[in-house]
Ligand SMILES: C[S@@+](CC[C@H](N)C(=O)[O-])C[C@H]1O[C@@H](n2cnc3c(N)ncnc32)[C@H](O)[C@@H]1O
């Protein structure tokens, strides 16, 4: 049954992009035949005036930033150009505002061998994918180089675990709704560092069914007289739609994020949406009347179904609420957890902590090789999910606690508790002093540190290395192909 449901997702789009590893011998159809006489300097082609100075120039890319943007030297300045690769010659538009220079890629004249075999911008499908323009081998090299550099003081990291089919992998989509300047409803992602919505109908990393449901909702809004929310005026209803897909179970959750709890025509809307998409298993209304950049608010109403979805990971079943953290790439998550648990060298008689445990995934998967597991997590709903997941999978040796992981560790250290192995998987900001200092006081034999931000991970590893640990192994995992994000696991042993 689950297999049947999963196969429904295999639309023609899934077939559009095949792994480049399978096609590596193909020629590069995008290689331009144009020849351009090399110039010593980046030169100006034409100039327009629109209040601010804007012109088109020809440039050569000399390197990459750590975010994967091309570097161009221009008028004594180093300027970043998104989607440009080292060695490439290209036409870019330049605009200047005071001392600030902005360049946007117009046309690549001489493409690099590292360029991916796809159009520069195809219906905005690469929005949010900073490495959309790089082929798979180049992405692998780029990420390996970054992680090698970031971790060099701790030893040489292992080769990054890349994904066989690095497309349509996300199990969660969040799209923002608004009006364009013709007052037409649009859905898309915010542009970098702004709240301007870039409309997009599909993405090379989204689940195609989730993208399809979002387009259906956008199409329904007019007939239901549902207005998108306007952040400036505070008027309108629909802010975002969040979709979660159980890639193995086939279950689908739709969360309508609104600015108010008054949802006129709610029953008919739900009925019409389910009629078009009978595959949706639950629909929720989340009310977010805040002014910050958080997508979800605190209030939640279940409009249809049980309010959660279930999915299978590493052979266990997990129930997931709308607000709980759940890794977005399940294929690579299984590889990440498998490596992390291997690196922990569990023997079955150890006492294990799963810090920042979310819905309990790592701890529950590791539980069969541990004497006992203690999980700690800040998000109340996620802890509820973890306890439910423990029961659901018949795990008897795991306990989950709600609270700040740092405070929890301080209390454990004060009580002088014994811990053998600690898994820690903090948010992007990394861990804090309270957590780290109590960790070294508890002195587990082994620490396995999982992180989606190598910069804060390196900072925290540095603290642990200065306080009695040595790094034994570092394993990067490509959890986020096409983007510049990297996941990394480090195993440390007490000295
Ligand atoms: C990167 S996620 C990892 C979750 C889980 N380990 C997994 O693999 O799904 C980080 C988790 O830390 C939680 N968190 C954030 N700050 C925390 C804190 N101070 N104490 C405990 N948990 C926290 C978040 O709610 C989130 O569930």
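Don't overthink the numbers, they just go from 1 along the chain as shown.
Cβ from N, Cα, C; glycine included.
Annotated features, as they stand in TrEMBL:
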type     : residues           : note
ACT_SITE : 452                : active site, nucleophile
ACT_SITE : 452                : active site
BINDING  : 327, 356, 377, 425 : S-adenosyl-L-methionine binding site
COMPBIAS : 1-16               : compositional bias 'Basic residues'
COMPBIAS : 34-44              : compositional bias 'Polar residues'
REGION   : 1-57               : region 'Disordered'
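Sequence features annotated in TrEMBL and their locations in the structure.
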| residue | record | DSSP class |
| --- | --- | --- |
| 327 | S-adenosyl-L-methionine binding site | coil |
| 356 | S-adenosyl-L-methionine binding site | coil |
| 377 | S-adenosyl-L-methionine binding site | strand |
| 425 | S-adenosyl-L-methionine binding site | coil |
| 452 | active site, nucleophile | coil |
Could you give the maximum C-alpha to C-alpha distance in Å for the residues 327, 356, 377, 425 that bind S-adenosyl-L-methionine per the record?
-> 15
Can you name the residues of this chain that are 6 or more positions from the residue listed as 'active site, nucleophile' yet have a C-beta less than 8 Å from its C-beta?
-> 428, 479, 480, 485, 486, 487
Not counting 327, 356, 377, 425, residues with a CB within 8 A of the CB centroid of the S-adenosyl-L-methionine site are 325, 354, 355, 357, 358, 361, 362, 426, 450
Spatial neighbours of residue 327 (S-adenosyl-L-methionine binding site) that are distant in sequence (at least 6 apart) but have CB under 8 A = 333, 336, 361, 479
Taking each of the binding-site residues 377, 425 in turn and counting other Cβ atoms within 10 Å of its Cβ, which one has the fewest?
-> 425
Excluding its own, the Cβ atoms lying within 10 Å of the Cβ of residue 356 (S-adenosyl-L-methionine binding site) add up to 21
